[in-house]
Amino acid sequence: MSIRVLVVDDSGFFRRRIRAMVEQDPRLEVCGEAADGRQAVSLAQRLCPDVITMDIEMPELDGISAVREIMQRRPTPVLMFSSLTHEGARATIEALEAGAADFIPKRFADISGDMEAVQRQLCGRLVELGGGRRGGGPRGGQAAVSQARAPAAAPPATGEAPTPSRTPPAARSRPEGEAAARAPAPAAQPAPATGARRAGRGGPRLADLQAVVIGCSTGGPVALQRVLTRLPASFPVPVLVIQHMPASFTPAFAERLNELCQVQVREADDDDLLRPGEVLLAPGGRHLGVRGRSGALSVYTYEGQSDHHYKPSVDIAFSELARLAPAGVLGIVLTGMGSDGAKGAKLLKDNGCWVWSQDEASSVIYGMPAAVAKAGLSDQVLPLERIGDELARLR
């Protein structure tokens, strides 16, 4: 049975082109079209599609509001079409927080010209999101995704008193004069290359860790909010995040995480040091490497080779930290398509590090974490709601 797709866009031209691409794939069929968000909400209930493509800017009811209503009435995986602007990125992040499962860039040149590449990307995403969900809503993790719209209100995971309100993001840009609690901590130091311990004989201790590295793809933006908002501002380990995302989106995503989290979050740049209490987000479209510099660990970005399908690559970040900080890294693989992270997780384990992965029930797409778990590389397989708490509880 084909996967049934509802196409939503106020442009008749785009609806026709999307239909043409979808109908080239024998696994998919278009069950209906909507020209605005209000029609989309109605047709989602009446036609019961397996997956929906959704534009953001539409009359009557915009795409973000339509996603919210669909998630309330009949939760269904939604793939957003997004413009490659900063404003478009912010709107897409809001749509993901509202419950959309994933997004792809909306470029007129791609849709109006040679559609082969975008057709492969679009249909692959639709099959992943819509497959196995006929007759019901998304997996548990996606059905609950709208609950993450205000994750900053979550109580601390450590049982401590609630943390006071954070300094507004604009105030954090001051290079000097911040409160002592927000001052940069000393950079992480590279570990000696000897004495690596095998992971899996108990959880890591904070004293052992030089970095936490989190990798994710589809469903990752909201999953990261759920994890990182559980960390206190004083979290004593540097965090790197590798999220598959276009280059034009990662600055806005880092801004959004920084607004929500107690730890500081920013997009990584060349020569940034790994510091406790800071989260560095890998820039989209480039690989993130790690090196030892002047007795500390720092990051750099580069184009990389074509044999790595994803930029940034979780495998590369895991592999470089496994080499530089044996027995000093916790790698975490969250929801996402494909298997990026599995090879790097093997190197982490071979070098005495730890690996956690998200469980199937809470994953939007159980691809990346499944590859790690099925290879026997996960020290813990955890539901999304527990991962941030477990990190915050490390002693």
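Residue 1 is the first one shown; counting continues down the chain.
Using the three backbone atoms N, Cα and C, a Cβ is placed for every residue, glycine included.
Curation plays no part in TrEMBL annotations; they are all automatic predictions.
According to TrEMBL, the protein carries these features:
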ACT_SITE  Ser217  active site
ACT_SITE  His244  active site
ACT_SITE  Asp340  active site
COMPBIAS  131-140  compositional bias 'Gly residues'
COMPBIAS  141-172  compositional bias 'Low complexity'
COMPBIAS  180-197  compositional bias 'Low complexity'
DOMAIN    4-121  domain 'Response regulatory'
DOMAIN    205-391  domain 'CheB-type methylesterase'
MOD_RES   Asp55  4-aspartylphosphate
REGION    131-202  region 'Disordered'
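Sequence features annotated in TrEMBL and their locations in the structure.
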residue : record              : Cβ within 10 Å
Asp55   : 4-aspartylphosphate : 26
Ser217  : active site         : 26
His244  : active site         : 23
Asp340  : active site         : 26
Field: Stretch-averaged pLDDT - the domain 'CheB-type methylesterase' (205-391)
entry: 95
- prompt: Between Asp340 (active site) and Ser217 (active site), what is the CA-CA distance rounded to a whole number of Å?
  reply: 9
